[in-house]
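Comments concern the structure below.
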Amino acid sequence: MAMWQGAMDNRGFQQGSFSSFQSSSSDEDLMDIPGTAMDFTMRDDVPPLDREIEGNKSYNGGGIGSSNRIMDFLEEPIPGVGTYDDFNTIDWVREKSRDRDRHREITNKSKESTWALIHSVSDAFSGWLLMLLIGLLSGSLAGLIDISAHWMTDLKEGICTKGFWFNQEHCCWKSDHVTFEERDKCPEWNSWSQLIINTEQGAFAYIVNYFMYVLWALLFAFLAVSLVKAFAPYACGSGIPEIKTILSGFIIRGYLGKWTLVIKTITLVLAVSSGLSLGKEGPLVHVACCCGNILCHCFNKYRKNEAKRREVLSAAAAAGVSVAFGAPIGGVLFSLEEVSYYFPLKTLWRSFFAALVAAFTLRSINPFGNSRLVLFYVEFHTPWHLFELVPFIVLGIFGGLWGALFIRTNIAWCRKRKTTQLGKYPVVEVLIVTAITAILAFPNEYTRMSTSELISELFNDCGLLDSSKLCDYENHFNTSKGAELPDRPAGAGVYSAMWQLALTLILKIVITIFTFGMKIPSGLFIPSMAVGAIAGRLLGVGMEQLAYYHHDWGIFNSWCSQGADCITPGLYAMVGAAACLGGVTRMTVSLVVIMFELTGGLEYIVPLMAAAMTSKWVADALGREGIYDAHIRLNGYPFLEAKEEFAHKTLAMDVMKPRRNDPLLTVLTQDSMTVEDVETIISETTYSGFPVVVSRESQRLVGFVLRRDLIISIENARKKQDGVVSTSIIYFTEHSPPMPPYTPPTLKLRNILDLSPFTVTDLTPMEIVVDIFRKLGLRQCLVTHNGRLLGIITKKDVLKHIAQMANQDPDSILFN
């Protein structure tokens, strides 16, 4: 009779011997298996498991003394039992239970000897030591990336003759020939036209500089995409959607491995230096999580437990945001609000410590030479007025509209990339987008500069010493007020800058849609902030000029007198940056904290909160998903969103498998199946686990056993124990009945049986089932009726049902 199983489709598992699991390196994997090596590539020519061991022909039964012997070889742990296949979900309940047992054993032993007490103290301290190492490594890599990217970005425009390793700013620091108006130009810094044709003036010199700019951009982009394609395909993108999925319990082997770390660090510098519309802040979270995963291998407590490891990765994500924005508190809140699935109080403290150490390390390196952790740190001193909440809310509306537009268009483009021939040519795509970006960017000084420098320029509050075009005001004012400058009429430079910024805004909006998602490291924080900052600066300058020329209007005359400093355009740029970033990511609390940590002042929290909430409301009205959740759904990852409510009135029996008229559920019996029977079921199915029942007639549930544990245990028994053959009976019971003489030894596998699988009745509402899956992180749940097993509901079934209820394609859920 055909058998059917509703368990998870195990894509990564091999129907082969235990020895067929191979791996190149333990620290490439999310789970290290001591004493073994594992490979999860699919092969069609792996032989089934029903062969017998060599030497079986000479087996003579072993005499009466051995006929009743049960082979309980699980008294010592078998390498590989209790671990997980690639593209599968961990069992949170089992992992937490194992950690409690480990901790209880260490605590009990600590009372027996001094050495055991020292071991107990070191085990408790190991978590803090790991956080220290993660913070140091993350901060160091972030400093290296910042310094390298700054140098290589300037390399597109010229080179320092007194030392090629100096960027333009460092090259001119000690020069005696720097003028105030052209502080970035000095004899030591030569443009490419000066080096090649020995002149910087004229059309030909401009063409040479233009050509070299595009050439360097194409070279950097080509190196980045080639390295990613050849050595670490997982190093592309921002990494945050995958990290969210991993933190929810999913296994993606190699995603946080050492090769991914090395290649992502190198290619992130190249991608940022190429001038593409992307940032390094999102990928820095991926880099920090790679550091956390690799360092976990130094501590058995985290190396052998997937749930504990995810606590470390949550803290590493906080450290990544800390060094990306110089915002340790914002990093902790980002990890809590945006990426973490399980975030206990202990993880909150350790995340704070890791973020602190990472920020301190980056501050010690001082990559920008200004004692700040980011290039666009700024301080404002002018208070804002209540009326200004209106333009701030307008910026929030713009951010929400931009966020919703970007998500829809970017997802549509990424889907086209996945489903058409475009996805087969990642190098060509990157080079085309880079060429278009570089060609359009060079003529405009605001697109030619790096995006971080652009944001810094837009955030800047104009002072007396500023020589930027954005600060080219007509300076007929009384300086008796000191450093506080009054609102002034805009000069020719400001009007010119407004046109250039408007063109920059259009380019950034369009080109970012096609850039995010390419096969290179690409963050979205900086491009989103740039779009908002440009819009904010344009609105801020407009408000400033309106207040100057019409200070007698009713909306201004009560708080803005003539000659006063009423409007701060840089503040509008900051609020716009927060609004657009919030519209794309749907961050709220962590976004506001990150932004006020950037500005160094608490006075502007209300404008930031107003803009962030407005952008979220507007964006949510047009689409519920943020960019990271949309990419998770696009890639088919099994992520069960904890923020969404399930409001449909369906029952467990409507979702469970098998359904009516389907073949029966594949089960194992507790004491009547042979090794051959079990191996036949394994070879003929691809399910990740099997319920164990008393008998096929009663269908009374005993427990649940994972396919992987079954295969490894049987293979280990065949290799290490004499007499185990295909006719040996497998027992999942505590005791076995006496066996007649000359029968093969039985195999006792009770130790790999989960005796307390989660069960619900067939009439349980699905909203309760979904809640159980979310809060307990279950892989599967068994369905019973009056104690009899009826079916099974897996996480994949839940996700498909949710998609179906939302009128989405249920087959878009690709993994377990």
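Each residue's number is its place along the chain shown, starting with 1.
Cβ from N, Cα, C; glycine included.
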Ranges in play 284-303, 524-543, with TrEMBL marking transmembrane segment at 524-543
Have the transmembrane segment (427-444) and the transmembrane segment (386-407) got at least three CB pairs under 8 Å, pairs 6 or more apart in sequence? no
Sequence-remote contacts (6 or more beyond its ends) of the transmembrane segment (312-336), Cβ cut-off under 8 Å? 127, 130-131, 134-135, 138-139, 142-143, 243, 246-247, 256, 280-282, 284-289, 291-293, 296, 302, 342-343, 347-348, 350-359, 361-363, 372-374, 377, 525, 587, 589-591, 593-594, 597-598
Tell me, please, if the transmembrane segment (571-596) and the transmembrane segment (125-145) are in contact, taking contact as 3+ Cβ pairs under 8 Å between residues separated by 6 or more positions? no
What does DSSP give as the helix, strand and coil breakdown of the domain 'CBS' (656-720)? 24 helix, 20 strand, 21 coil
At a C-beta cut-off of under 8 Å, are there same-chain residues at least 6 beyond the transmembrane segment (210-235) that contact it? List them, or none. 152, 155-157, 192, 196, 242, 252, 254-255, 257, 259-260, 262-264, 266-267, 270-271, 273-276, 426-427, 430-431, 434-435, 437-439, 442, 448, 518-521
Could you tell me what the rest of the chain brings near the transmembrane segment (386-407), counting residues at least six beyond its ends with Cβ under 8 Å? 509, 512-513, 528, 531-532, 535-536, 539-540, 543, 555, 559, 567, 572, 575-576, 578-586, 606-607, 610-623, 625-627, 630
